Amino acid sequence: MPTIPVDKEDLFKLLGRSYTTEEFDELCFQFGIELDEDTTEDVKGTDERPQLKIEVPANRYDMLCIEGIAQALNEFLGNTSAPNYKLSPSKPEISLTIKESTYPIRQYAASAILRNVNLDERAYDSFIALQDKLHANLCRNRTLVAIGTHDLDTLTPPFTYEALAPKDIVFKPLNQTKEINGEELMEFYEKDKNIGKFLHIIKDSPVYPVMLDANRTVASLPPIINSDHSKITLNTKNVWIDVTGTDRTKTEIVINQLVAMFSRYCKEPFEIEPVQIISEHNNETRVCPNITPRTAKAEISYINSCVGLNYSGEEISKLLKKMSLDATPSTEERDILDVKIPITRSDILHQCDIMEDVAIGYGYDNLKKTKPQAESLVAAPLPVNKVADILRLASSQAGYLEVMPLTLSSHDENFAWLKQKDDGTKAVKLENPKTIEYQVVRTTLLPGILKTVKENRKHSLPIKVFECGDIVLKNPELERGAFNQRNWAALYVGKTSGFEMVQGLLGKIMQTMRTPWLENPSKDQRRGYWIEEDKENTTFFPGRGAKIYFRNADNAEAKAIGSIGVLHPEVMNNFDIPYAASSVEINAEVFL
């Protein structure tokens with residue numbers, strides 16, 4: 001979790017009173033943050049000011065600076081209400097046009113203006129420190145999002161955000177005296193400890209993103225560095241903020257956090273000047289920032305049951321107010337709270353987050369200790385796990401050993417090595433795999449079992465192994481886009497293929513699950529199973545593979561639940577196994 005150093009005297013001034021170390025430590029504990037260190041004793045006799053080093057949750061981006069910590073604690077203590085952010089003027093007078101050329105490298109941008117700001121030295125330092133903390137945490141070292149802040153009075157609106165060839169971008173980088181182009185900039189900062197670590201983000205791109213004003217003056221080269229021309233100082237009165245990124249959601253979160261924390265220093269506190277974002281090529285034209293609170297619903301009964309309370313909607317609303325959330329009982333549904341989530345609380349994603357805030361507002365120390373009911377102490381296996389245990393026992397009784405391979409595999413192992421083609425509809429792929437071994441989440445248990453046999457091929461024959469585990473398949477209709485499926489698979493490896501061995505094992509499994517073999521399924525409409533030749537499955541030797549069909553009730557529609565067959569010699573060669581083998585795999589969830 002991030003540790004935020006704040007000036008002790010300034011923080012206590014913002015909180016309206018002084019605290020002993022023990023008192024402030026207790027306040028932090030109640031709120032869910034942690035006082036890591038008080039440097040008062042360490043700086044005695046020096047010119048340094050005492051600091052409090054506070055550890056905050058990684059998802060509380062609003063607490064990455066002293067302003068946010070003080071605001072959150074003051075609301076928790078009841079000293080103040082949540083700020084009322086407002087846009088002025090309501091219709092933007094300044095625009096930022098995003099060109100289509102930015103799409104391949106850094107396609108999203110957001111912007112806002114803070115007018116008539118009054119920053120003293122410590123507020124200025126806090127402004128810079130917040131950007132650094134956001135860059136290190138939410139922005140993932142500027143790979144996802146990068147921030148630029150500028151003295152608006154040195155630039156001429158409207159602004160454009162586009163991508164140009166490196167040699168065409170010429171400007172004086174921050175705190176430098178000489179103009180250089182994009183190519184020279186990469187060489188100049190290559191060994192710089194601060195800037196050098198960000199160069200790789202765009203270095204190999206044929207174009208670099210750049211922020212320009214109406215006179216084509218460079219304001220920044222995101223995500224590397226700002227221009228010295230528009231740098232902010234203690235004398236800056238009007239601040240233009242630009243945020244660029246590859247992630248739309250995180251870009252919006254960052255701009256909201258910046259304006260929420262530092263609009264308090266405007267002549268009219270919490271007043272923000274919007275910017276018109278013009279992005280016609282992808283229909284992203286909008287007014288930025290969007291300070292409209294998000295809305296969510298939470299069940300009163302759910303909150304009470306989780307926290308152990310018996311509070312009304314009004315009482316819960318008072319607790320949520322301490323956590324910056326504006327809640328009111330729904331006028332339409334008796335058990336529902338309508339919750340407004342401010343722009344500072346991007347960590348609120350689900351009603352469980354709202355429930356957690358109720359618990360913090362109530363105080364964990366105030367929760368009564370109660371004995372759980374005896375029946376709540378008795379656990380029971382999930383149905384899918386119970387089925388899996390039955391299949392494991394039956395397989396073991398048949399003389400098969402259980403293996404537990406990894407759920408990730410390489411793309412080739414999951415498809416090409418099994419003589420299958422990836423049509424893009426099944427496998428969940430890792431975006432940034434660390435190694436070629438972990439490119440996809442397996443869609444079948446077979447590759448893992450074959451890899452296990454490969455590493456144990458020196459053992460005496462036959463090798464009989466099985467696995468009962470999850471595979472993952474895509475489903476775009478689901479919110480998460482994919483789902484887990486519990487499968488059971490077995491493999492027989494020997495000098496002969498041993499198809500009769502895996503067929504016998506399948507029969508034992510079905511007998512254990514009280515599922516009879518149907519000799520003539522077209523006439524016999526009972527619950528049961530049968531197999532039919534599968535000419536399309538190229539994993540198996542031609543004419544030696546079949547689909548397994550299952551009817552889960554009398555007169556019900558049958559469906560294919562798996563496959564059985566003799567593995568193709570090429571498959572065995574791909575996994576470096578010099579023997580013949582047969583396999584069987586079924587969806588175990590059909591027995592639920």
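Note that Cβ sites are derived from N, Cα and C of the backbone, with glycine treated the same way.
What Swiss-Prot lists as domain 'B5' is 291-369. Here the domain 'B5' (291-369) has a mean pLDDT of 95 out of 100.
The annotation Mg(2+) binding site is assigned in Swiss-Prot to ASP347, ASP353, GLU356, ASP357. Around the Cβ of ASP357 (Mg(2+) binding site), the number of neighbouring Cβ atoms within 10 Å comes to 25. For the recorded site, ASP357 (Mg(2+) binding site), the DSSP three-state label reads helix.
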DSSP-assigned states of the domain 'B5' (291-369) in counts, ordered helix, strand, coil: 32 helix, 16 strand, 31 coil
Neighbourhood of ASP347 (Mg(2+) binding site), C-beta criterion under 8 angstroms, separation at least six: PRO57, ASN59, ARG60, TYR61, ASP353
Non-site residues, in chain order, whose CB comes within 8 A of the mean position of the CB atoms of ASP347, ASP353, GLU356, ASP357 at Mg(2+): MET323, ARG345, ILE348, CYS352, ILE354, MET355
